[in-house]
Amino acid sequence: MRMSASLNPGLPLGQEDVETVTILNSDTVNSQFTNHSSYHHYPTAREYEPAGLTFLMMTSAITWIMLPGVGFFYSGMARSKSALSLLMLCLWSAAIVSIQWYLIGFTLCLSNTGGKLIGNLDHLLMREIGDRPSFTHDQVPLLLASVWYSLFAAITPTVFLGAIAERARFFPTVIFIFLWSTFVFDFLCYWTWNKNGWSFLLGSLDFGGGTPVHLSSGAAALAFSYMVGKREDTSEKPPQNMSNVYLGTSFIWCGWLVANAGSGLYPHIRAVNVFVTTNLAASMGGITWGIIDYIRHGQKWSPLGFCAGVICGLVCITPASGYVTPSSSLFFGFAGAICCNFAMSSKKLLHVDDAFDVFSCHGVGAIVGNLLTGVFAQRKVAAVDGQHIQGGWLDGHWAQIGYQAVDTAAGFAWSFFVTLLILFFINKFPGLHLRASPEDQEVGLDKVELGVGLYEHLNDLKPEIVSAIGTKTIHPNVIAISTIAENGHGPQHIIKNGHNGFIVDSGGGKEMADVETSDHI
């Protein structure tokens, strides 16, 4: 028998009113408390292991950093005049999908009495949850599991934002995120992870979200790119802020390790294996892509190429991370990077302006990962925490790749065509046209839609820098200004640091100025 005191709000923790003391797990209750007029009966709460609760709460918190990670990654690649809108859309996705999850997403994905296609409305507004356990693990409360799955729901829409950068309007995109989460993600999540979903019953394997997260966002990116049209300026330009790309990749890599490892919802040895397989695939993906770019593009070790390879390795291993050995995971990173790298040319064949190659990385990467899962999945890996699967080709289960192909084809088709349908109706609604005007694209979506730019404090500096070329003046905010002769040699002049800034002396002559400030002019 264990004594427990329910808290009295009027007393500090540890000083509870003795009148509320009850004896849990006992058939009898002391009558002197039972007859007391201030005594209330409360239902006994189900007990969960603190280690399991702490594990999932911490993994949920760390996984959240993928949201700003995606924002930093995309904002670094976008033109500076439309970079802030991408950062903000990622946080808006977190907010919008959190509300959507509370309203209807939770019950559509996690209700345990739904049909094969989608859940029911038993838990609308997150009702009737209480302390019941998750359907995937009896030591995890359903409420905490819902927090975990809601993060996947929030992160997924941020992925396709990279495809529509620099020309999709802000508010229609926010509306689309809410509807897309309801009619695309929630359906694919239910098919894949709910015990009543048709794909789950079929026997397809997806540990971390290959279909509901990456395949769905890749297909949506392709559909959205078609519907919103090409940018006014589709010329290829280097990232405007490689530091943001690096920072975003770091956040994504870190969060992804935890996201995959936590997908089993409980801290056991299988989670450790998932952590290792995810990291090895990411590492191999970055190295493979880096070598490919070195060979194909002038023997330069591309920083952007390495970051892209890491992402593709992570995408490819995600569905298989809980079913394969560390040795197998290396092939996922290798194959994912190669396939995604050569898929980059697909947008030219498809005549679509996928700004940051979301379909090539996430769509193609998920297809490769899903199919390879059917080859490399092994019973012994899943059996570590008691899950029984038939395995893939390595275990002689030849039908598994067929299950994976059916799940992949259905998931891609559902996401692509439902996305087209949602966008069609949004675009027809007054005031919700998807595409920014050519004038707005020229000015930049940050100024037009947010009213502020990413480098607002430097906007007034640019005219001063331009007017200063060829003259001698002091500019307090300039980081560095050097001059380069037309023959390519330079710098030709020394820049001296004054009390209030740098003294710029071009010295006359026909020269071109190379101006460097914090907004990468």
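Placed from the backbone N, Cα and C atoms, the Cβ positions cover glycine too.
According to TrEMBL:
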| type | residues | note |
| --- | --- | --- |
| TRANSMEM | 53-74 | transmembrane segment |
| DOMAIN | 55-451 | domain 'Ammonium transporter AmtB-like' |
| TRANSMEM | 86-104 | transmembrane segment |
| TRANSMEM | 142-163 | transmembrane segment |
| TRANSMEM | 170-193 | transmembrane segment |
| TRANSMEM | 213-229 | transmembrane segment |
| TRANSMEM | 241-259 | transmembrane segment |
| TRANSMEM | 271-292 | transmembrane segment |
| TRANSMEM | 304-322 | transmembrane segment |
| TRANSMEM | 356-377 | transmembrane segment |
| TRANSMEM | 401-426 | transmembrane segment |
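In terms of C-beta pairs under 8 Å, the stretch of 53-74, 86-104, 142-163, 241-259 lying closest in packing to the transmembrane segment (170-193) is 86-104. Of the recorded ranges 142-163, 213-229, 271-292, 356-377, 401-426, the transmembrane segment (241-259) has the largest number of C-beta contacts under 8 angstroms with 271-292. Looking at which of 53-74, 213-229, 271-292, 356-377, 401-426 has the most CB pairs under 8 Å to the transmembrane segment (304-322), the answer is the stretch 271-292. With respect to Cβ pairs under 8 Å, the transmembrane segment (142-163) is most closely packed against 53-74, considering the stretches 53-74, 213-229, 271-292, 401-426.
Long-range contacts of the transmembrane segment (271-292) within the same chain: residues 207-208, 253, 256-258, 260-264, 301-302, 305-314, 316-318, 320-322, 324-326, 328-330, 332-334, 336-338, 340-341, 381, 384, each at least 6 residues beyond the stretch ends and with a Cβ under 8 Å from a Cβ of the stretch. For the domain 'Ammonium transporter AmtB-like' (55-451), the mean pLDDT of the prediction comes to 94.
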